[in-house]
Structures are given as structure tokens and as C-alpha cells.
Amino acid sequence: MALADDLKKWVGETFTGKWEVQETTSVPNPEDLRLNSNHAKDLKAATVLYADLDGSTDMVNTKKWQFSAQIYKTFLKCASDIIRDEGGNITAYDGDRVMAVFTGNSKNTSAARCALKINSAVLDIIQPAIAKKWQTDFVLRHVVGIDTSQLRTARIGIRGDNDLVWIGRAANYAAKLTNLAGKPTRITADVYNKLADKLKYANGVDMWAPEHWDDMGIWTYTSTWKWTV
């Protein structure tokens, strides 16, 4: 019963303890927060990007494991390097997707350009490499979801095995947007409205199409455009 007693004590203290919240303008590391106490960091404005493979379950069920491993490795490597090149902070890998947080004055523009570059990497780098190596009709599809909001983060887990959890609309909506297949890039209207014009228009043509997200009751924007890496 020692474990049960310890857990009851810890859970009780977590629900009754007072939160210490510190404002920050940058993405913290897990070590910046205390693990076993109600300690959080508050980003007043941050933009979250999720890049996710679409159809990976079918791929694993029908393709050789080596093929699937190469798809995972190349997609996540390209997405991660592009995220970092655009100033994003990688905060988590979850199976076939990567999460990143962008801060600063150009966070929405940087995140959107990142998404278009990931699309370019898929179309112009990964897909040609697939065709060169494998005789297959497989088409790599992905979705990048982006939202912006206030975010809080807290440290979760146990000593020696812990990470950060992100609490806020952007973290949830960006992840959920990747569940909407059909378009490689999806952003909320809050992100679109804060984009620099160079990320909205190409030769006077809007690169984004409005689409209502019925489940959440908000407007989003989709794009099939790419931005050369």
C-alpha cells in the first residue's frame, strides 16, 4: 500500500496546492520548472505548429517496415530542420508527428513559412527520393496545423523521465487541425490575420483559402502552396 499512499498524498497536494506562475517570452526547458510542485511558465502569446504524416497506419499495414521507417525518418528530419531554421522550438515528438512552439514578433509568419517549406520538402525532396529507391505508387501526404494563443506549460512525469505539457488553445487546435486530411497546411484565422503580406499573397494571389471548421465553430485557412527550402 506504500505506493497507493504516496500517490494519494501527491495527488491531494497537487489539487490543493497554490500555483506559482512565472511569465516568460521564450520557450522554457523542462529543467526551468520544478517537477513535483504546482509551478508553471506563462507565454502570453505563442504559436504552435504540428507536422503530422497522413495515412501512416495504412502505410505500416501495407508496406515493408524498412519503407515505413525511411518515411518516418525523412519526414521528421526534414520537418525538424526546417522548424529550427525558421526559429521554432521543437517541444515534442509523438509517433509520426512533431510539435514546435514559435515566439517573438514574427511567430505566425515564421510558422506559416515553415509549413509551406515542409510542403516543399515533401514534394521536391522526399517524394522524388521515394520514386528513385522504390517501385511504388505511394504518395507521401502530410498535414501541418498552426494556431496561436496564450500558453502555459508545466513539468510532468517522474524523476529521470519527464517533459513539459502545454496548456492552451493553440496546443490543442494545432494538433486537431492535423486530423483534417486533404490539404497540407491548415491555420486558424487568428494566425492568418497576423501574417505578413509576403506570406499571404504571391503576385497578388491569395495563397490561402477560407474554410469553416464546424467542429470548433471557427474559421480556418488552408493552403496547397509551397515555399522553396
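The backbone N, Cα and C atoms fix where each Cβ goes, and this holds for glycine too.
Within the same chain, residues at least 6 positions away in sequence whose Cβ sits under 8 Å from that of Arg97 (ribonucleoside 5'-triphosphate binding site) are Tyr50, Ala51, Asp52, Leu53, Thr178. Look at Swiss-Prot and you will find Tyr50, Arg97 tagged as ribonucleoside 5'-triphosphate binding site.
Remark: Asp96 (Mn(2+) 2 binding site) has Asp52, Leu53, Ser56, Tyr72, Phe75, Leu76 as non-local neighbours, by Cβ distance under 8 Å and separation of at least 6 in sequence. Taken from Swiss-Prot, the feature Mn(2+) 2 binding site applies to Asp52, Asp96.
Neighbour density for Asp52 (Mn(2+) 2 binding site): within 10 A of its CB lie 24 other CB atoms from the protein chains shown. The Mn(2+) 1 binding site feature in Swiss-Prot is assigned to Asp52, Asp96; the stated evidence is a curator's inference.
What Swiss-Prot lists as domain 'Guanylate cyclase' is 47-178, and the listing cites sequence analysis.
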All-chain count of other Cβ atoms within 10 Å of Tyr50 (ribonucleoside 5'-triphosphate binding site): 27
Secondary structure at Asp96 (Mn(2+) 2 binding site), reduced by DSSP to three states: coil
